[in-house]
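Asker: Following this message is one structure expressed as structure tokens.
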């Protein structure tokens, strides 16, 4: 990526003439390029070599004419927006994708059938026309609803644009100029100061106390020092490179631009995130599988009966009408709306629990998740450095790191602690922002870096106001922290009259501080710093460092009054005061502590077999300590390094398979082949990836997906966006998350709490179970809707159930009950189950079809036919008379058709009886659907065990009954929908069948519970 001539642009488009294969190969190559580690060598160059490579004078910068040439060659310093999907295409996908397509085909077939009838008959029935119109309306309404739900999604590049700084200070022709950041070119000499955003990737040429916040890029929460020194082979870790769009927190720096726009590290991440192919959600794959089943059944039945009707001597036009009728009757019209509404309801329920779902289908994906790759900072941890331990009086004391200060407290009476607290408060530039007196100390905003803020809050909590302490000890002189000295020093007036007038306080890297000390304070008394005390210090330092904590050393010195009288001029440039032979006081160590709820949440993920992997940009020791703290590495599980240390043998002699846990450094990951990565993911149950780059996060996600896992990724930085986009479900943080990560994600945790993910998994699993129940309920009524049509063709009887009445069931009485199943409570502890295997555990499987169609559906059809035959018999047509009567029955010109008793019936009278039969068949289906709804509440438990607590479902039972009664008895329905009033006794014909369905299924589930894995479970447990 270092660019003398500057043409290694990462554009992801290819020219058309190369043909599609070339384009695909190029795209794959581009993607592979982007996934590679950042390949920079500019950090290794000396300033002379840098001058030769970019032609930049390190005092005068580029000439304006040269800058214009480079701008013309490389283009503006801006990120290229990715090709976006137009809104109309998104809308069309909702209208014509998946399930909608099936309904459209149904609608077209209806219009076709109506067309054939209109061409061949004088007065065609309008049923097929109505059906076609209703089907089209259903698709359009649900399509608009889904589009509206998802319209708020995926604006990735817009937020990347927000990251681009507006202005930049460059030096051209020896003059400082403030120009638009888009005009910055490679080779420009740029100046940045605290508060600025870095305008491009810079090679630092000079710096004064410069620190940058790389957290959005690398995930490191601490500000990083920037200086001209080459400190690391890895360009992401070296001190002399500052990255585009990170923030300069303090100090100033001057540097040469080495990359602009898409060629910057951030540009590569942006291109990578926006050009990733996103896979389909598990639920959309399930729905497609379901459509294949339904379509298969419909076409098989349709074609079979088409051939049969031709054999039975029907005209081919009639046979085509039958074919279309059967195919359409198989389409569950209400199901599309049911699924959409169920997912929306769950999304709303999750929003109340702080999970905001951007993409409806992601609701279920989270339930199928088998691996969670979680970022550390801010997700598993509180994202605030906190003092965790102190070492003074030769003893380690534990501080309280809990969010609500409910943890341990230590002995604060020691004089050494008072001295330590005084240094931590005075040798500290952090201050609380104004007007926060009523805010709890831990929640207050602080101006200053993370470590100093932690010390400030700790001292404020333990010792009262730090401001008062600073007022009493006025600061006279200060040497700020720098990377060469590795300490910070300040001199204060001492208000305590028993001590000398001036107090020197110092903090910094523990080993550097100890080197400057000759005495140590123990229990308030100074004593010589002997080897024994040095060993004690070393042990404490190693122990705290091993906990992944950032350790600082503290010392002080009372400047003698005879040499440093009041008014003495302290010179911090030519130091005129002692900085050796000081008195060592103690250590304080800080960590970004785990969130309180995370340990429990990780445990909850573990019990159903969800693997939790930590992926972080932080140091391996810190990462491992937090992983142990939150249970990602569980107690007693060792890494290869732990085993080697325990057995006292070299690491390479340990068999990696013996270690259940594993900490992989980004540097090692870079050199692993995909096979080696697969091996790690397969054979270690507890994994931590530390010091990872954005590209590596993506490679880890792809590795998990190769194992067949459904992967959820949590993250908050820009660096997480490619992984969030690639994952089956990306989960971003709502509070700390960058805009970019929120746009790339499918779900946002509004409270940034990992524990909310567990709630999401639970809801996702529940919706999958409940969708199964809803589909089982909806499909069952398909059989009593299709069989009347089949008998109409085969047995030549008057039509028992009309098209309009079928619509009244699918889009009327069945809708509310089907949706009410989305509110059903979980049957058992769904968080104890293993994650769903997408290959074997389908939303709709053969067993569900067998129960819905073959068993319950057949009983329902029998109930309908029983009522149909009862009504016709009461009107004089016994079953034996009905066979073969259809042609005469439907003939308008036959007005003297005799029944079983010799009575003659006109066409009008016959049709009134037929439509009354349609209405009663419809009412019977409603009554048997009562039982079906109740048995669909549970797949394994008894109804008595499950209870009838679902209020929406009880409402659904009353609603469908009331609707059926309304359609039957409302005046005018005979004209509008051809539905006629029923005698009260006819409602009761279906009751025995309803009871039979209930008892049959209770018995089936009883056997299922008594004989787990038995024949009944294998054949009927859906």
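Yeah, the Cβs are placed from backbone N, Cα and C, and that goes for glycine too.
Remember, it's a predicted structure, so these values are computed and weren't measured experimentally.
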Asker: Quick one: does Swiss-Prot have residue 834 and residue 909 on the same side of the membrane?
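Answerer: Topology check (Swiss-Prot): residue 834 vs residue 909, domain names differ.
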Asker: Which bits of the chain, at least 6 residues beyond where the topological domain 'Cytoplasmic' (938-950) starts or stops, bring a Cβ under 8 A of a Cβ in it?
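Answerer: Apart from its flanks, the topological domain 'Cytoplasmic' (938-950) reaches 769, 772-773, 820, 823-825, 827-828, 998, 1002, 1005-1006, 1008-1009, 1021-1022.
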Asker: Are the transmembrane segment (87-107) and the transmembrane segment (918-937) close enough that 3 or more Cβ pairs fall under 8 Å, when only pairs 6 or more apart in sequence count?
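Answerer: Result for the transmembrane segment (918-937) with the transmembrane segment (87-107) is no.
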Asker: Any idea what the model's mean pLDDT is for the topological domain 'Cytoplasmic' (823-842)?
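Answerer: Average per-residue pLDDT within the topological domain 'Cytoplasmic' (823-842): 86.
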Asker: Can you name the far-off residues of the same chain, 6+ from the ends of the transmembrane segment (985-1005), with a Cβ under 8 Å from a Cβ of it?
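Answerer: Tertiary neighbours of the transmembrane segment (985-1005) are 855-856, 859-860, 862-864, 866-867, 870-871, 920, 923-925, 927-928, 930-932, 934-935, 938-943, 1016, 1020.
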Asker: Counting only pairs at least 6 apart in sequence, do the transmembrane segment (87-107) and the transmembrane segment (288-307) share 3+ Cβ pairs under 8 Å?
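Answerer: In this chain the transmembrane segment (87-107) contacts the transmembrane segment (288-307) - 3 or more Cβ pairs sit under 8 Å.
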Asker: Under 8 Å Cβ to Cβ from residue 486 (ATP binding site), same chain, six or more residues apart: give me those in sequence order, or none if nothing qualifies.
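Answerer: The list for residue 486 (ATP binding site) reads 508, 509, 512, given in order along the sequence.
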Asker: Pairs of Cβ atoms less than 8 Å apart decide it: which stretch in 131-151, 288-307, 802-822, 843-865 has the most with the transmembrane segment (772-791)?
Answerer: 843-865
Asker: So which of 131-151, 802-822, 843-865, 951-969 is most in touch with the transmembrane segment (288-307), counting Cβ pairs under 8 Å?
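Answerer: Selected stretch: 843-865, with the most Cβ pairs under 8 Å.
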